[in-house]
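Per TrEMBL, transmembrane segment is recorded for 20-45. Marked as substrate binding site by TrEMBL: S198. Annotation comment: TrEMBL describes Y211 as active site, proton acceptor.
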Amino acid sequence: MDKIAYFVQKSNTNATAVAIFGAIGAVVVAAKALSFLKVLVDVFLRSGINVKKYDAGNGGWAVITGASDGIGKEFAFQLASKKLNIVLVSRTESKLKVLAEELEQKYNIETKVHAMDFAKGDDKDYQALQALVAPINVTVLVNNVGTNHEIPTPFEQETDKIVKDIVEININAAMKVTKIIVPHMVARKKGLIINLGSFAGLVPTPYLSVYSGSKAFLSSWSQAIGAELAPKGITVQNVNTYFVVSAMSKIRRATMLIPMPKPYVRSVLGQIGISGGASTPYTSTPFYSHAIANWLIDNTFGRAFWVKQNYNIQVDIRKRALRKREREAAAAAKSQ
Ligand SMILES: NC(=O)c1ccc[n+]([C@@H]2O[C@H](COP(=O)([O-])OP(=O)(O)OC[C@H]3O[C@@H](n4cnc5c(N)ncnc54)[C@H](OP(=O)(O)O)[C@@H]3O)[C@@H](O)[C@H]2O)c1
């Protein structure tokens with residue numbers, strides 16, 4: 001009799017344990033499903049803060065770094081189309097002037113251009129930018145300028161110049177330009193700062209270690225200043241970007257995962273203040289396929305798995321890039 005009671009009690013205990021673990025499992029699965037649903041709602045249904053709020057058509061200006069090409073150029077077109085005046089900053093003055101003229105004619109706005117090489121980190125260039133923006137009402141800043149390793153390279157083999165350029169352009173330029181612009185925004189209690197982040201900042205990327213670290217800096221710094229500036233009426237948004245067709249990405253054809261700059265920037269400007277696929281504050285992953293990828297990275301397999309995936313991808317890209325260099329060197333030697 002005692003034995004039967006023992007087995008009845010044991011099977012009751014097992015049933016209770018199964019029920020408890022089942023309930024916990026159901027809660028975890030439901031929480032994951034809900035967070036995924038939120039991503040879909042964010043990217044397909046919600047609209048963010050209207051950029052027109054930033055004095056568009058009413059004397060407001062946007063400053064865009066790295067404005068002459070790729071994603072930065074597209075920001076210039078889309079912000080100008082919303083009637084913001086534009087300050088275009090990048091290295092090549094001739095490209096900036098042509099773009100400025102096109103924007104003025106197409107959208108009937110004002111423009112200013114400032115040519116500087118951010119890699120030089122020259123104080124005089126920053127002072128000139130400060131003087132340029134002092135008399136105008138800058139309400140939007142797009143910290144877009146960025147540079148990358150030429151090819152995936154082990155850290156100890158990377159040139160000092162590339163390491164220095166990445167730090168100067170991707171980190172220092174964002175901080176220095178923001179320091180120039182933010183006091184004006186604080187004084188007017190209005191502003192939007194968009195920082196061009198990367199999935200390389202979300203998941204450490206072996207062989208692109210300095211670029212990856214620079215984007216991780218941008219992510220952390222954006223979250224910190226985002227919290228500082230929110231009570232002062234300024235929205236900071238680090239934008240997690242996977243690949244976009246551009247000179248930097250060296251990708252020429254768009255796919256579902258790799259948009260052209262136009263739809264990409266449309267998604268960024270359509271979701272100001274909305275996180276999309278991002279799970280960190282003051283951050284957005286607005287493009288739908290990037291948002292789903294961001295959710296998968298945050299919710300499946302664990303970070304070590306994704307770092308290893310990045311490692312395998314970069315090893316493969318490096319092999320192909322080295323083979324291409326060899327072919328080009330052989331062709332050049334032949335033509336001499
Ligand atoms: N494309 C992607 O797949 C991707 C993915 C993740 C993140 N992002 C980020 O998005 C941002 C824009 O990238 P993108 O792909 O649009 O690049 P891009 O097409 O190569 O354009 C870069 C822009 O920056 C300017 N620039 C480059 N070096 C400069 C320097 N030293 N000083 C001043 N201006 C400089 C270039 O103009 P000039 O050459 O005329 O100076 C150009 O206007 C970067 O921060 C990048 O890290 C891009």
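Just so you know, glycine gets a Cβ as well, placed from its N, Cα and C.
Those TrEMBL annotations? Automatic predictions, nothing curated.
Once Cβ contacts within 10 Å are tallied over all protein chains shown, the recorded positions S198, Y211 are led by S198. Cα of the residue listed as 'active site, proton acceptor' to Cα of S198 (substrate binding site): a span of 9 Å. According to DSSP, the residue listed as 'active site, proton acceptor' sits within a helical segment.
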